[in-house]
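Read through the structure below, which is laid out as structure tokens, and then see the notes.
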């Protein structure tokens, strides 16, 4: 297992290299730069040229790329032009917000999605099944940013239960953190909840038709033991696969949701950097997102072995 | 971002009250927290629930909806910025004076301003705001907001316009820019101009306009209040690399006189000459003035709207 993990981590290096290379090239080819943004509309061409030189934007793209990779090998993601501070610091400061949001949304999506899928599967073709699946389809079809705005209207303005936005660190006030995160995490989770419910239902129905389940029932085991102990374990593999993909989707969705709920996360940092062409922050943010995605995929693969004894790595 | 009151601050007693960003200022609040809320709907919701006390900008439709809300006070500020259409004189059809005059003749400013500002606008021809020191009166007014399609078509025939592509550069980062570009594009198509609307993001548009090629009209809103007066406007259209890319001798001279004349009357004359030339040569096109809506909770007393909210000399009821 250790050898497999090490091999997968090594294999991630070229993936991350390609991600950084492509993002660097695309960003460098897009017209406009931070000098234009900083100088304002009335700046002369000479003022712009001077500012570009000060910021090192007049250097050839290859030279800038070599400098960036050189610093990266030393663990340095560079300096944000706009924030005037280290990109690593800026990202690490905002990472707990985005990770907290993603993890909470994933937890809600998995718990409620899987539960809904199982309820639908044990009562196939009934009103319960059709009702749950219809709700799952609605959840899948609604855009998260729209849901976010509806949640603000309902839970903040009409009911006054939750704040409209903003962030409270978990370490300062855990309840305040939960109140601040409830709506954004809920809006993010609903789409994935629908996906997980449908996937769980389909997998569970297939498993419930297996011979070993029939045998368990024939032995006289109660229904909840058949489902909860014998069938459930075999449903886990596809659920883990979907949950792994969901992490990537949730991270992407967090970018928009952070804007709607004014959460100071990595997504909002990247959006701001794109709008202002703050290249080091864009590069660092994209590299971080890709790294998280690669690591999550690795964890998913390792979890396969944990839940399914037939899967063994490193042999 | 949280600002705390600086207790050692010494007031400027030469003034009776606040004056612009200066004057006699009294900080009644212990702290002021500035929250960046990018989503307009979330900003409005924050004001409605009382989590936010002051909004720097409230969308015009939301302001209309909240006007009857007794917990909220709405402040309309006019003017906040100019809405303009800058023209590239370096190449393409806009290098031709008659073509630029055709553009000037074709456009219906009321339609452009009403749609791009959700109705919060003022139709004014001046390249300075009415009531300010350098406002040049009616100079050029006869060439503003002509909305005369026949005159535009006649001017196009005069230029031997052969359906060359006319590129309007605008951006989606500012909704006013995009909407003004879209309306202008439709009006110009209606008189027979082959318009291509190029909608990009703000940094891209800003970068593109510094080039001599790739655009003919650039949609730009810019504010000169409360301190820039005519210097920014005239300077923007003069110098070695003016926005229109081809320096105009009369505007160069006006800029020189504006910056070197000791007498205010001479500087005012320079601005009037600049404005006359702007209309006569259709150097760039002024659409109108844009306003902004600011809002507070009703318990904020003595708030006065300003280009950037001032949180001194106001307090909780």
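Including glycine, each Cβ sits where the backbone N, Cα and C put it.
What TrEMBL says about a protein is an automatic prediction, not a curated fact.
Cross-referencing A:235-257, A:258-280 with TrEMBL places the feature transmembrane segment at A:235-257. Long-range contacts of the transmembrane segment (A:286-307) within the same chain: residues 1, 5, 8-9, 12, 15-16, 19-20, 23, 72, 77, 91, 95, 233, 236-237, 240-241, 243-244, 247-248, 251, 266, 270, 313, each at least 6 residues beyond the stretch ends and with a Cβ under 8 Å from a Cβ of the stretch. Scored by C-beta pairs under 8 angstroms, the transmembrane segment (A:134-156) has its highest count with A:176-197, from the stretches A:9-30, A:99-122, A:176-197, A:235-257.
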